[in-house]
Each structure stands twice: as structure tokens, then as C-alpha cells.
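Asks: Below is the structure I would like to discuss, written out as C-alpha cells.
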Amino acid sequence: MAAHPVKERRNKIMCGIVGYVGAKECTAILVNSLTKLEYRGYDSAGIAVFEGDRIKTVKAKGKLKEGLIKKLENEPHFTATAGIGHTRWATHGEPSDINSHPIGNGRVSIVHNGIIENYRKLKEFLISKGYGFESQTDTEAVAKLLDYNYDGDPIDTIIRTIADIEGAYSLGIMFREHKNRIFAARKESPLIVGKGNGEMFIASDVTAIIEYTREYYLLEPGEVADITADGVTFYDMHKNVIEKELQVATWDVSAAEKGGYAHFMLKEICEQPDALKKTINPRIKNGLPDFSECGLTDEKLRSYHHIYIVGCGSAMHAGMVGKYVIEKLARTPVVVDIASEFRYRDPLLAPDDLVVIISQSGETADTLAALKLANSIGADTLAIVNVVGSSIAREAKMVMYTLAGPEISVCSTKAYMVQAAFMYLLAFRVAYARNAIDEEQCRQLISELSQIPSKVQKCVDDQTQYQKVASKLISADSLLYIGRGLDYALSMEGSLKLKEISYIHSESYAAGELKHGTISLIEDGMPVIAVATQHDLYEKTMSNIKEVKTRGATVVMVCGEDMKFDGNDVDYPVMLPLARDLLMPLVAVVPLQLIAYYTAALKNFDVDHPRNLAKSVTVE
């Protein structure tokens with residue numbers, strides 16, 4: 001059948017897929033694996049297992065504890081040793097039991113991550129063939145199409161089916177007639193196949209299965225996996241068998257546990273000194289920043305006409321820091337783009353440009369699309385990602401890994417920190433390669449960058465001042481962050497952290513823009529957080545602080561410990577250990593993170609899983 005696209009691109013969030021086949025009763029394994037994917041965001045969950053001669057499905061709207069787990073407590077004991085599971089974030093159809101995954105018709109059961117763009121066309125076709133539909137999901141069209149195409153050979157069936165599907169997706173599939181086998185397929189949305197001892201897994205990412213195995217295969221777009229307890233066979237779209245290299249996760253289960261901290265976010269903030277060392281130290285050779293591991297030579301750095309930095313959210317904010325530092329040191333023009341805007345504005349890219357792609361997960365859909373556009377034009381592309389073997393890492397011409405370890409909290413902290421640190425390493429090397437700084441100056445900058453982890457540690461060690469500030473913010477309805485230059489880039493990140501997890505409306509503004517309209521928002525008692533770490537801009541920032549204070553604002557000022565100010569202008573000073581002004585964003589971001597954390601914690605919100613958000617956004 002010929003399918004035609006019905007474009008339904010939406011800013012929706014990543015679901016989670018798990019699967020197991022082995023000798024053990026699988027229900028507990030599936031549920032436990034789903035709990036490891038809660039950080040991705042979801043509104044319902046479910047599992048399907050082989051029970052006797054049928055596929056048994058249990059699913060429920062709501063969080064795992066209140067929904068699926070509670071429902072399973074009322075079910076008879078399962079003996080199944082193979083099954084699939086899912087956490088859903090609604091895209092097509094409201095959150096409900098009927099719209100939850102797995103979805104099937106008795107013969108076929110599937111879990112799905114992504115969006116099927118031509119599902120309306122598929123649904124119309126299937127209705128014409130006599131199929132009825134119960135849910136509002138695009139997923140049901142895939143399940144029914146698998147049933148329609150089924151000819152006894154599951155691989156043939158899956159290949160024919162996915163050939164008719166348009167969109168980004170990953171699928172976990174079960175057929176009633178093929179007990180103790182599960183199948184997987186993907187296009188864009190990530191999926192891995194884990195290899196254990198007499199057991200196999202599928203998962204959206206390694207976090208879900210790290211408790212059981214560190215070994216896994218990467219399923220590539222357009223591939224199908226046939227999985228039994230004994231192993232896996234991979235096929236391409238022509239049913240040719242594919243050989244794959246086994247990957248090994250570089251971290252273990254302890255890295256994905258709280259380790260005594262109240263929340264993952266607090267743990268990850270406190271891990272930042274170590275994350276910085278792991279990111280910076282391996283990239284220094286003979287006292288200079290070194291990018292030879294990815295092939296980014298000085299000759300290339302001298303040849304680039306423009307540098308573009310592309311990312312979403314915190315990654316884009318790290319890019320803003322990079323822009324300031326590269327332009328200041330290397331005198332090279334840098335453009336920072338929001339990934340979702342980049343591809344649609346027809347960017348003026350050329351083959352002699354470098355496009356730096358920043359993504360924690362390496363799977364961000366808009367960022368991946370921007371990368372593919374840059375590659376298609378012929379520009380050089382450098383990915384800065386935290387997940388080895390991710391889609392962006394594989395697509396980019398060059399890749400550098402941030403080595404921060406897993407970041408579980410939805411609110412990014414240590415990933416932002418190491419992304420920003422990479423911006424400094426890149427800036428120093430670009431400036432050195434282009435003779436904007438000499439070797440001695442470059443060595444000095446690297447020496448000072450290497451001291452930043454100890455300064456970050458000082459910020460982490462004394463958290464009382466951040467708690468005090470947070471206690472004054474919890475009753476606020478709205479607040480502003482202001483700064484100039486690098487401090488403005490930093491204020492954007494601080495504002496994002498606060499509104500992400502405390503649900504307090506906040507905006508960041510270049511301090512000099514206040515008088516152009518924003519100052520009309522200031523009213524008595526409104527909190528204003530001013531970031532003032534740059535000595536050359538300090539007096540101007542203080543003038544802006546006086547402007548808001550005169551209009552009744554409650555002022556929090558984040559600044560170096562050597563800054564002088566009038567106590568009448570600043571209600572709550574947050575003093576920082578000193579570093580070169582250029583490097584202060586790496587220090588000053590810590591109090592902004594902790595102020596956001598404690599504000600949300602004092603409001604008794606779910607810090608690690610803020611509403612309507614998830615860790616990775618893999619559909620546009």
C-alpha cells in the first residue's frame with residue numbers, strides 16, 4: 001500500500017521502551033526498568049507479557065507507583081519470561097488507560113516511541129479493510145498494520161510494515177504465535193538491545209538496563225532485531241543479516257542512584273567538580289587544549305570563516321558562553337542558534353564553516369535535524385555530547401564526549417557545566433591556532449581553567465546562603481534575572497533552572513534593556529537576581545540594580561567576593577570565590593542551580609521530575 005505523510009510535528013517528549021526475554025519471571029524486571037526511565041517524563045505506563053498461549057497486557061494512566069504497580073498488585077502471579085513495557089507521554093490522544101501502551105489486538109502487541117506522521121492515512125486504509133479502532137493513538141495504526149501484513153514470518157511482516165510508516169519512531173513488538181521472542185525496529189528514536197547472561201533486553205537507553213548488563217548493541221535506523229534469550233539477529237530493510245559490534249557502558253548502576261542525596265539534581269550539582277576534571281584533564285596535552293582525538297586540527301581551525309553553535313535549552317545557553325569567549329579571545333565571528341529555529345531560517349552556511357552541535361543526550365530531535373542540515377551543506381560538524389554512540393555522535397563528522405556520567409534529573413546541571421567547559425577549551429584552541437593568543441597565554445588560561453573545579457567545590461560545600469535566598473523566593477509569583485555580557489548568558493541559564501522546577505515565572509534580560517520596557521514590570525517586593533561577576537561591567541550593572549531597587553525590588557546579587565556594593569541596594573548578596581572574569585560563569589552557575597533547587601525543594605515539588613518536562617526531546 002502507498003502511504004502519504006500527514007505532517008503532525010509537535011514539541012512532544014520522549015517515551016520509554018523496555019523489553020526482556022530470558023529465563024526469569026519478567027514482570028518485576030520490566031517494571032524496575034521502567035522506573036529507571038521515569039526521568040524521561042510520562043503520564044501512563046504498561047507492560048505486555050507472554051502468559052500461557054496469549055499476550056497479557058496490564059496498563060494504567062498515572063505514575064508507576066499509583067497506576068501500573070498498584071494494578072499489578074491485584075493481578076494473579078505471572079510466570080512469563082518475556083515481555084515489553086512502556087512509559088507514555090501523550091501525543092495523540094489524552095492520557096488514559098485505553099491510550100496507554102502496549103497496544104495490540106490479541107495477535108500483535110507493540111510499544112512505540114515517536115510520532116507516526118501518516119497515521120491518519122494508515123487508519124483510513126485499515127478501516128477500509130474492516131479494522132476497528134479503540135484508542136486515539138497513532139500507535140494503534142501500526143499495531144493494526146502489523147496484523148494486516150502478518151504472513152507467519154515476523155521479520156517480513158515488520159519490514160513491510162515499517163516501509164509504510166512515515167515519521168520518527170522506535171518499536172518493541174510481540175507476536176502471539178512467536179512466544180518468547182521479542183522484536184525491535186527504529187527510525188530516528190533511539191533503541192538499544194542489551195546482552196546479558198542467558199537473557200536479552202531492549203531499552204530506550206542504557207539507564208534502564210544497567211542494573212542487569214553493561215553490554216549492548218545500538219539499533220540503527222531502518223534495522224530490525226529478532227531477540228531470544230540466546231541472542232539477537234539484526235536485519236536491514238532487505239532482510240540481509242547485519243553483524244554488529246558489542247558496546248560496553250563506561251559507568252555502572254551506582255552512578256545512576258542517588259547515593260544518599262535527597263534528589264538526583266542535588267547529587268549531580270555536587271558531582272560537578274569531578275565532572276569538570278573528567279572533561280578537562282584528558283583534553284590537555286603539554287599544557288595546551290588538545291582536540292586531536294576527533295581530528296579537529298589547527299589547520300582546520302584557521303580555515304573556518306564562521307563558527308555556528310547550535311543547541312536547545314541549557315545546551316544553547318552553554319553555546320552563548322562559548323560565543324562570548326571565542327569572539328573575545330579568537331576574534332572569530334560566532335553565531336548561536338536555537339536548534340528548532342536553525343533549520344527553518346535558511347542559515348547562510350558554507351563548507352568553510354564549523355557547526356558545533358551541543359546535546360546532553362545526543363538524541364535531541366531538533367538538534368539532530370540541524371546537524372543533518374549542516375552536513376548536507378558540506379560544513380564541518382563537531383558534536384559535543386554526553387552519551388557515547390548516540391545518534392548525534394554518529395552523525396557528526398567529529399565528536400567529543402563530555403564524560404559527565406549519567407544525568408538523571410530532568411533539570412540539567414552537570415551536563416551544562418561540562419558543555420560550558422568544552423566551550424572554553426574550544427575557545428582557547430581556536431585563539432591559539434589563529435595566533436590571537438600566544439602559547440604562554442594559552443597555557444596560562446588552561447592553568448586557570450584547571451583550578452575551576454576547586455572553586456566549584458567551595459560553592460558546593462557551603463550551601464546555607466543559597467537556602468536563605470530560596471526561602472525568600474518561594475512565595476514569589478514572578479521574578480527577573482539580569483546581567484551583562486557573560487553574566488547575561490548566565491542569567492538565562494539561572495532563569496531556566498528556576499522556572500523548570502519551582503514553577504515560578506521568571507525571565508532573564510540583558511540588564512541594559514531594563515529601561516526599554518522591562519522595568520515597568522518591577523513592583524514592590526518583586527525578586528530580581530542580578531549576576532555581576534564581570535569587573536568591566538560592574539558599575540553599569542550596579543546602576544541597573546539601583547534602578548530596580550528604587551522601584552521596590554528585592555535584590556539578590558551573585559558576584560565575586562571582592563565586589564564592593566552599598567548594602568542599601570542589595571538585600572541578599574551571594575559571594576563567590578574569585579577566578580578570572582572570563583571563567584566566572586563556571587563558578588557563578590552553581591549558586592544559580594542551588595537557589596533553583598532549594599526553592600523547588602522548599603515548595604515540596606518533585607525536583608527530579610518537573611511537570612510537563614522530560615530529559616530528552618526526540619520528536620520535533
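Quick reminder: no glycine exception, Cβ is built from N, Cα and C everywhere.
As annotated by TrEMBL, domain 'Glutamine amidotransferase type-2' applies to 15-230. According to TrEMBL, the feature active site, nucleophile maps to Cys15. The domain 'SIS' annotation in TrEMBL covers 297-436, 469-610. Taken from TrEMBL, the feature active site, for Fru-6P isomerization activity covers Lys615.
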Asks: Write out the long-range same-chain contacts of Cys15 (active site, nucleophile), meaning residues 6 or more apart in sequence whose Cβ is under 8 Å from its Cβ.
Replies: Arg40, Tyr42, His86, Thr87, Arg88, Trp89, His101, Val111, His112, Asn113, Gly114, Ser204
Asks: Name the secondary structure element type, per DSSP in three states, that contains the residue listed as 'active site, nucleophile'.
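Replies: Looking at the DSSP assignment, the residue listed as 'active site, nucleophile' belongs to neither helix nor strand, so coil.
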Asks: Could you tell me how many residues in the domain 'SIS' (469-610) are helical, how many are strand and how many are coil under DSSP?
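Replies: Result for the domain 'SIS' (469-610), in helix, strand, coil order: 70 helix, 30 strand, 42 coil.
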